[in-house]
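K.L.:
So TrEMBL lists these for the protein:
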COILED    92-119  coiled coil
TRANSMEM  31-53  transmembrane segment
TRANSMEM  65-84  transmembrane segment
TRANSMEM  126-144  transmembrane segment
TRANSMEM  176-196  transmembrane segment
TRANSMEM  263-284  transmembrane segment
TRANSMEM  296-318  transmembrane segment
Amino acid sequence: MDVRFDNTFKLTSAALYLNLAHPFLTRNLQWAIRIFIFYVFYTPSFIFLIYSSFYDTFTKICTNLSISVLYCINLFNYGLLIIYKKPFMDMIKIVEENLRNSRELIDEDEKTVKEFTAKGIKAAKFWTFCCVLVGVMFSSKAVIGTSYSAFTGNFKPVAIHELTYPAYIEERKNGFLMYIVIFGFHTFYIVFTILMDAGFSPLGPIFILHACGQIQVAIQQVERLFLDNDIDVDDILNKLKNITRRLQNIYSFVDQIQYTHRLLYEMCLKASTIFVAISLFAIIESYKEGSLNFDLLCYSFSALLLCGIPCYYCEALLGKGAELRVAIYECGWERFWVPKSRSIILVLLTRTVRPLGIKTVFCTLSLEAFGDVINQVYTIFNVMNAAYN
């Protein structure tokens, strides 16, 4: 198993390097110029989406705002990676160090570390696949529609987003050259958004799953402490001290995850609640008008994933923390009179009273929090439906 983060989580690291957001990239003038050039090509689509919202129907306004909010989210994510550059670097180094140290563990513990690392890789691949799928669905209408019209001999360019542009562009948007320019801007918007989502969003689940793996190793080490009827007191105390150090490192690592992701996950919960409700309402209205808005379907799917995946893995983290506390209490310490070991066990039990979870500003991330989001989406949707009709 490769211990380097970039080699282990290749897709995530590649996406971060491509969009110039990787924490280990040097922040200098050359980097700033390249970022500026990226945003010169990234921003026009955002401006077009906002501009068009002043002239479109309600359904199209919902579509435009839902897609344009991705720009704001990615800008926010960029800001987090710049502001929390050192904490992200520290977490990556901790992951690499733990992977390196796992080679010195017994086979069972090393296998556990590999297992949770593999889960992190799968989570990153799944998220990348979903990002690419949504991006392809956004652009497929234009590609297929334009290709079909060219094939049938009645060429008619189909736009990725049907927008109202400023007068100069609006008059020429069906011309081949202007169509290519607009298509290029919208394609870059989709690709850059995919790169940002595929690079930044999996970092949370990767770090959370790594913490789960370290907790599972601690659980296994605790369960082996008093298995034998004949114990070596010095060896037991040594192992307990190592477990205590491991536990301190785990709590410190989880605190770093919370420090860097707290605002992000709070924003995801609130933004998903509002925009998924609006999107679903717009989808229903477009269906009543005789069409189905695939853009909003894609957006709703990705928004729920962005909100649901962290909640799922944070639930797993909470569960592992509870398992660890039970394992410490049930490890068999009561069978042997070793006062020092009991003192350390008491310290460990006290330390694990605090749940190992990721807290946002207003709640602890879990499946219950995701359930609350779904409930709020349903409530807002019903209010909008009642008011509009």
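Every residue, even glycine, has its Cβ placed from backbone N, Cα and C.
TrEMBL: automatically predicted annotations, no manual curation.
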K.L.:
Honestly, do the transmembrane segment (176-196) and the transmembrane segment (65-84) touch, with at least three Cβ pairs under 8 Å and pairs 6 or more apart in sequence?
P.N.:
yes
K.L.:
Under 8 angstroms for C-beta pairs, at least 3 of them, ignoring pairs fewer than 6 apart in sequence. Is the transmembrane segment (263-284) in contact with the transmembrane segment (31-53) by that rule?
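P.N.:
No; fewer than 3 Cβ pairs under 8 Å.
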K.L.:
Looking only at the recorded stretches 31-53, 126-144, 296-318, which one has the largest tally of CB-CB distances under 8 Å to the transmembrane segment (65-84)?
P.N.:
31-53
K.L.:
I'm checking region-level scores; what's the whole-number mean pLDDT for the coiled coil (92-119)?
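P.N.:
Summarising the coiled coil (92-119) by its mean pLDDT gives 90.
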